[in-house]
There are 2 protein chains.
Amino acid sequence: MTSSHSRPDWLRTHTCGELREANVGQSVVLNGWVDARRDHGGIYFVDLRDRYGITQVTLTPEQSDALPFSTEFVLGVHGKVVQRENPNPDRPTGLIEVRTERIEVLSPSPTPPIDIIDNLDAAVDTRLRYRYLDLRRGPLQRNLIHRSKFIASIRRAFEDQEFIEVETPVLTRATPEGARDYLVPSRVHPGQFYALPQSPQIFKQILMVAGYDRYFQVARCFRDEDLRADRQPEFTQLDMEMSFVHEEDVFAVWEGVMGRAFRENMGLELPQTFPRMRWEEAMDRFGSDKPDTRFGMELVDLAEWVPTCEFRVFQGALEAGGRVMAIRVPGGGSSVSRGQLKSLESAAKDLGAKGLAWWKPGEEGGAAGPVAKFMDGAVGEELLALTAVDGATTDGDLLLFGADAERIVWRVLGDLRLRLARQLDLLPPATGDGAQWNFLWVTHFPMFEFDEAAGRYFSSHHPFTCPEDETLGGDEPDVSKLVSRAYDLVLNGWELGSGSIRIHRQDVQARVFELLGIDASEQQLKFGFLLEALSYGAPPHGGFAVGLDRLVALTLGLDSIRDVVAFPKTTSAADLMCGAPSRVAPDQLAEVHVAPAGKALERDGSA
Amino acid sequence: MTSSHSRPDWLRTHTCGELREANVGQSVVLNGWVDARRDHGGIYFVDLRDRYGITQVTLTPEQSDALPFSTEFVLGVHGKVVQRENPNPDRPTGLIEVRTERIEVLSPSPTPPIDIIDNLDAAVDTRLRYRYLDLRRGPLQRNLIHRSKFIASIRRAFEDQEFIEVETPVLTRATPEGARDYLVPSRVHPGQFYALPQSPQIFKQILMVAGYDRYFQVARCFRDEDLRADRQPEFTQLDMEMSFVHEEDVFAVWEGVMGRAFRENMGLELPQTFPRMRWEEAMDRFGSDKPDTRFGMELVDLAEWVPTCEFRVFQGALEAGGRVMAIRVPGGGSSVSRGQLKSLESAAKDLGAKGLAWWKPGEEGGAAGPVAKFMDGAVGEELLALTAVDGATTDGDLLLFGADAERIVWRVLGDLRLRLARQLDLLPPATGDGAQWNFLWVTHFPMFEFDEAAGRYFSSHHPFTCPEDETLGGDEPDVSKLVSRAYDLVLNGWELGSGSIRIHRQDVQARVFELLGIDASEQQLKFGFLLEALSYGAPPHGGFAVGLDRLVALTLGLDSIRDVVAFPKTTSAADLMCGAPSRVAPDQLAEVHVAPAGKALERDGSA
């Protein structure tokens with residue numbers, strides 16, 4: 001009786017990606033899945049697959065007949081490595097094959113409901129239902145391996161800069177200002193609930209108050225929101241915070257981190273520093289706080305030109321305190337059809353515009369557009385000079401105008417700019433040769449935003465963001481004009497993450513809550529412990545968080561984060577594989593002192 | 001208007017742990033907390049503290065008077081590095097001090113409710129309530145920094161062995177067999193609930209079915225159990241799984257991982273392989289499945305000796321199918337008093353023994369113990385020879401006996417052995433010089449354990465554990481005798497983690513469920529997706545998980561995991577700092593289709 005376990009003889013000696021010419025003549029054991037099998041000239045060929053590669057195995061008809069198997073069976077193959085007669089140069093193992101001496105089935109498989117192939121065309125729900133088969137496919141394996149290595153690089157970059165990883169609670173307190181929380185009823189405290197964190201924001205600030213100086217965490221976060229295609233109810237962010245810093249210190253850390261992750265995983269050298277741009281400049285030039293700077297078609301302010309033009313709509317917009325701006329679409333005179341202009345106008349209207357003025361300076365009559373008649377002579381010449389890209393003026397261009405309240409002009413032209421870039425194929429490839437990685441820091445965001453529906457101001461970032469002016473405009477501030485020390489990191493038009501220098505003074509924090517309409521007693525109830533913590537010697541601090549699912553997807557050129565998440569949920573937040581959420585036994589609910597209510601009762605009257 | 005931020009002049013040029021003699025003469029800025037201040041010979045000395053160290057700062061009385069501050073204020077100190085007149089060799093910065101030129105208060109602080117000192121004697125609840133102050137103390141900072149670095153070493157060890165980290169869901173399906181789940185009501189699916197994972201067990205097996213071959217994850221796990229002092233409702237484990245392996249492969253990976261983490265963080269060289277011991281041997285020698293092998297006092301089987309002794313109780317125990325065993329306490333004749341024996345007997349009774357027989361062979365009469373009269377002559381000589389430690393027999397020893405059903409004898413003597421080791425100070429120091437790190441693999445656990453209360457068998461490990469005998473004893477198995485391929489890693493008497501080779505055959509898995517009393521339809525309902533996944537070519541696989549909180553605490557010589565968790569909860573699962581759990585607004589509950597019930601209503605009739 002020994003406590004050691006002897007090695008089973010079917011255990012692999014090599015992986016399916018490992019054998020080379022140098023191994024010829026060796027006796028080996030391989031374990032793997034049957035990727036394909038074919039019969040050719042009286043020999044059976046099997047492609048045996050594992051995570052590391054594919055190796056060709058040959059069987060005699062007798063061996064094959066003695067042990068029936070088909071694709072996705074798991075085999076143990078004992079054999080000898082031999083030179084291949086017909087080498088396959090596309091495969092690292094392509095110079096050899098394994099001549100079977102003995103074979104055994106380690107696990108059988110029926111025909112799988114989806115094919116284990118790279119270019120699968122199957123319904124999303126089927127893929128999610130059989131996720132263990134979907135995850136066997138090459139692209140998903142490569143994505144998840146890349147994800148693991150990419151995040152490992154990021155983590156090491158933080159560790160090597162003296163950041164320490166601290167794990168913050170998942171069972172925590174409901175977030176008063178933010179998205180909807182996931183709630184967890186307490187068994188020990190009847191009628192009370194934990195909430196899953198939307199981010200570790202308050203905990204990381206507490207860690208700064210506690211003197212940890214440099215914190216990071218790969219943190220799971222939760223938001224119970226209606227999901228769009230590229231959102232998940234739980235997601236992973238690289239969360240970090242630093243003490244005794246200003247904006248440039250945070251930027252420098254992240255530039256180093258991204259540089260390392262791109263170098264180690266993609267062989268790319270990013271610039272040592274990323275451009276910085278004020279929020280207002282981003283809006284004015286790109287109509288977006290997350291500008292895609294990989295192409296031009298920037299917005300042009302026409303305020304000085306408008307008085308020379310007799311088009312009343314433009315003048316009216318300026319008189320009403322709004323803006324008039326244009327984008328110039330190179331070659332759009334011919335590449336953008338009348339039909340496309342119609343759909344662009346309809347998009348503009350959906351975004352709040354009253355219409356869409358356009359001008360094709362190279363065309364005549366109606367084809368030149370409804371506002372062409374205001375562009376005669378010097379007026380038009382001047383406009384073409386103003387909007388010229390790199391000094392070049394082409395007759396065949398298209399000009400699109402926005403004339404409205406500033407927010408609407410930005411929103412509409414920013415959106416049309418992106419639409420046209422896609423339609424006209426102006427974007428470089430998302431990955432591989434020719435891909436561009438335009439990182440950009442956007443800074444100086446507005447402190448507050450007015451929410452029309454709620455009829456009050458909300459924090460643009462979050463209520464812990466430090467204002468540029470710590471007096472907050474004094475006693476009678478114009479809240480709409482206050483600028484914050486928030487910043488975003490943008491990559492190719494995607495917001496990768498956001499952060500800010502935080503408020504470290506209790507009085508400033510209390511004043512910000514006040515401006516948000518949270519009175520002293522509500523502050524105590526909701527944020528009492530944070531205000532108290534800030535009172536005990538809080539260091540100036542700031543931080544940042546990056547959504548890792550999105551970042552990893554972008555580095556792979558993927559649109560959807562679903563292909564970089566091992567077990568994603570559907571847009572109705574369901575896990576189709578394991579069947580979550582699900583009904584639970586009534587006594588489980590009774591233990592945590594809740595009962596079904598509302599719609600839960602309608603559907604299940606007996607509960 | 002620039003988008004770059006200029007450096008505030010109070011920002012540190014150096015940390016408080018950085019300045020040395022080589023910096024003398026430099027102008028520097030330090031930021032930190034006032035650790036202490038004292039007035040000595042007309043000069044004010046301030047110890048300025050941050051995570052990196054403490055630097056002495058000097059002020060003139062005028063500077064000090066101009067800006068009142070006390071301990072835990074955050075200061076910005078501008079000054080010049082000078083040689084110290086009275087060097088402090090115990091401090092890395094002890095050869096220099098900073099002569100203040102200008103000073104500013106970055107944050108004030110009232111007198112904190114707990115002292116920021118290493119040896120704090122404060123109520124646990126006060127420490128948890130003001131955790132941000134507690135976390136400022138040196139021991140906690142060192143613990144959390146050690147934790148971060150120790151886990152980073154473990155992670156790199158896995159990464160360097162081709163393991164990939166895959167994040168598994170936190171919002172998942174209730175676990176049918178296990179501890180109590182934390183539940184999360186679904187908003188989108190009324191009446192349905194997610195559960196927080198007790199471990200990623202099923203997901204990691206699914207990843208093996210999906211061909212990921214080597215998986216690991218630093219995973220948060222959740223159990224809604226009544227908490228003992230060293231448990232937390234959420235905890236962190238290093239979870240891993242491998243395909244195409246047997247036990248020794250898993251052991252070798254972990255031996256490498258632990259070796260690296262101990263080498264990198266503690267400067268200790270662990271043995272290349274850890275001892276292996278069968279469960280039965282562990283029980284027979286130590287009365288425990290997690291034996292502390294740092295000291296002797298092993299259990300000795302007296303089955304062959306008992307017939308020579310006329311003590312009826314011993315003979316009766318054997319006749320009833322039980323065991324008679326003893327432990328011999330070196331020097332216990334004098335070091336264990338009559339009073340201590342009484343309390344040992346009471347402990348034995350609490351553990352199910354009917355009493356505690358003992359013998360002090362060096363004593364006479366009543367002092368020798370109630371069973372001494374059965375030990376006359378050769379009977380006693382023989383017993384002393386049997387229980388002799390390393391052949392040495394001392395008259396001054398103490399023998400304690402267990403005579404009962406096997407489980408009770410093991411439990412009682414195993415427990416007394418540990419009690420006596422602590423009482424008699426037989427244990428080496430928990431950390432530092434002289435500490436021993438006795439890792440041990442315990443193998444060959446029983447497959448099932450009978451639960452008297454529930455009246456049925458449960459899996460000793462979990463129901464996915466592979467049996468040694470895949471036929472499971474055939475059609476009429478003696479379930480109590482089946483041995484599993486589960487294994488534990490034990491360190492100095494603590495179970496660090498457990499794992500097993502898993503069942504990869506659907507038929508074996510279904511049979512194990514059946515033996516557990518789970519019929520086919522219940523299997524489908526609860527484990528349908530796992531059984532289905534196993535049917536599609538599942539590789540043989542096995543894995544392991546280690547509780548990181550406990551492991552980190554042990555490496556620091558700490559009894560409680562609370563000192564290695566940044567934001568621990570109380571034994572009633574409450575977070576005293578942020579106030580979780582808490583009441584939530586009724587409309588938040590309505591949104592997720594639950595209502596307060598039971599005790600929650602009694603306490604809060606209006607809800």
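Backbone N, Cα and C atoms are what each Cβ position is placed from, and that goes for glycine too.
Note that the coordinates shown come from a computational prediction; the quantities given were computed from them, not determined experimentally.
Summarising the annotation, TrEMBL assigns site 'Important for tRNA non-discrimination' to A:HIS40. Positions annotated as domain 'Aminoacyl-transfer RNA synthetases class-II family profile' by TrEMBL: A:147-568. Residues or ranges marked as L-aspartate binding site in TrEMBL: A:GLU177, A:ARG223, A:HIS461, A:ARG502. Taken from TrEMBL, the feature region 'Aspartate' covers A:201-204. Taken from TrEMBL, the feature ATP binding site covers A:ARG223, A:ASP224, A:GLU225, A:GLN232, A:GLU495, A:GLY547, A:LEU548, A:ASP549, A:ARG550.
With A:ARG550 (ATP binding site) as the anchor, the candidate recorded positions are A:HIS40, A:ARG223, A:HIS461, A:ARG502, and the one with the nearest CA is A:ARG223. In this view, A:HIS461 (L-aspartate binding site) is surrounded by 22 other Cβ atoms within 10 Å of its Cβ, with every protein chain counted. Take the binding-site residues A:ARG223, A:ARG502: by the count of other Cβ atoms within 10 Å of each Cβ, the lowest one is A:ARG223.
Considering only the recorded positions A:HIS40, A:ARG223, A:HIS461, A:ARG502, the residue whose Cα is spatially closest to the Cα of A:GLU495 (ATP binding site) is A:HIS461. Ranking the recorded positions A:HIS40, A:ARG550 by how many Cβ atoms sit within 10 Å of each one's Cβ puts A:ARG550 at the top. Counting other Cβ atoms within 10 Å of each Cβ, the binding-site residues A:GLU225, A:GLU495 show the lowest value at A:GLU225.
Under a cutoff of 8 A between CB atoms, and with a sequence separation of 6+ in the same chain, the neighbours of A:LEU548 (ATP binding site) are A:ARG147, A:ILE151, A:ILE154, A:VAL218, A:PHE235, A:THR236, A:GLN237, A:LEU238.
Here the CA atom of A:HIS461 (L-aspartate binding site) lies 18 Å from the CA atom of A:GLU225 (ATP binding site). Across the range of the region 'Aspartate' (A:201-204), the DSSP-based residue counts are 4 helix, 0 strand, 0 coil. Once the Cα atoms of A:ARG223, A:ASP224, A:GLU225, A:GLN232, A:GLU495, A:GLY547, A:LEU548, A:ASP549, A:ARG550, the listed binders of ATP, are compared pairwise, the greatest separation found is 20 Å. A:HIS461 (L-aspartate binding site) sits 65 Å from A:HIS40 (site 'Important for tRNA non-discrimination'), taking the Cα positions as reference. A:ARG550 (ATP binding site) carries a helical DSSP state (H, G or I).
The two recorded residues, A:ARG502 (L-aspartate binding site) and A:HIS40 (site 'Important for tRNA non-discrimination'), show a Cα separation of 69 Å. DSSP assigns A:HIS461 (L-aspartate binding site) to coil, not to a helix or a strand.
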